[in-house]
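Visitor: Swiss-Prot lists these features:
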COMPBIAS  11-20  compositional bias 'Acidic residues'
COMPBIAS  21-35  compositional bias 'Polar residues'
DOMAIN    208-286  domain 'RRM'
REGION    1-35  region 'Disordered'
Amino acid sequence: MSRVANNRDWADDEDLEDSNELPQSTTTTNKDGTQTIVTWRFNDDGKKVKTTRRIRFTKVKEIVNPRVAERKSWGKFGLSQKDAAGPASDTTSVGENIIFRPSTNWRKDAKEEVSDAGAMKNKLKDKQVKCRICSGEHFTAKCPFKGTMAPLGEEGAVDVAAGHADTPEGPGGLGAGKSSYVPPHLRNGGTAGGERMGGGKFERDDLATLRVTNVSEMAEEQELRDMFERFGRVTRVFLAKDRETGLAKGFAFISFQERSDAAKACEKMDGYGFKHLILRVEFAKKAS
């Protein structure tokens with residue numbers, strides 16, 4: 001009975017028993033050193049799929065410092081003694097591998113960059129902040145004498161030392177023949193200024209400011225204050241200085257509390273010798 005069960009018919013399909021089994025993977029070494037690996041798998045439709053891969057092995061030999069190679073073979077110690085091999089994310093930060101690509105035109109690029117920087121530097125070399133009122137190295141809005149004197153060279157400024165103003169060109173008020181608005185400080189030919197807060201205090205300060213020119217570059221504000229305080233109380237001293245060198249630029253402004261003291265100082269100090277230079281002292285022009 002067992003012999004009959006073990007005998008197979010020649011018409012039996014031998015593949016029926018192995019339909020659900022995949023063939024074993026095979027690896028073959030070729031003459032050129034490559035390997036051919038054949039693997040089997042089932043796809044989404046349940047069919048067998050054969051995959052053949054050909055692999056070439058390349059050995060890379062790197063020459064490193066023996067001390068570096070020795071340190072790489074060291075075991076971990078301390079708090080990381082029980083950690084697995086390789087870098088740990090909580091104790092090691094792996095930097096990005098930056099690939100350096102040298103350029104053949106690096107000399108030309110460097111020259112262009114240097115030339116551009118030099119041209120910009122030469123262009124901005126003479127660009128300095130300059131006050132329109134006292135020619136100091138600060139903004140006009142921050143000038144300490146913006147309410148005391150008019151900008152240098154401006155037409156319509158009142159000459160306080162002479163004691164007279166320019167003759168008005170118009171009748172004043174609104175512009176003749178025009179319906180445009182004229183600000184109060186420009187009416188009556190621009191010579192009639194608006195009222196100042198504080199009354200006579202500020203007016204007295206405006207009329208008691210002296211402009212001192214031909215000042216030595218080695219002068220200091222305290223020296224000027226000491227010289228002019230002999231004639232009365234000095235409320236303010238401004239000496240224009242160069243921002244880079246720190247030396248005086250040749251002019252200064254002295255403000256007195258009383259105009260009579262300023263007139264006395266102007267008379268006595270005009271032509272006075274100070275540090276091998278002759279001072280020129282005059283009343284500052286009042287802002288219109």
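Yeah, the Cβs are placed from backbone N, Cα and C, and that goes for glycine too.
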Visitor: What counts of helix, strand and coil residues does DSSP assign across the compositional bias 'Polar residues' (21-35)?
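Guide: Here the numbers are 0 helix, 5 strand, 10 coil.
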Visitor: Which residue counts does DSSP yield for the domain 'RRM' (208-286) in the helix, strand and coil classes, in that order?
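Guide: Reading the DSSP string over the domain 'RRM' (208-286) gives 19 helix, 31 strand, 29 coil.
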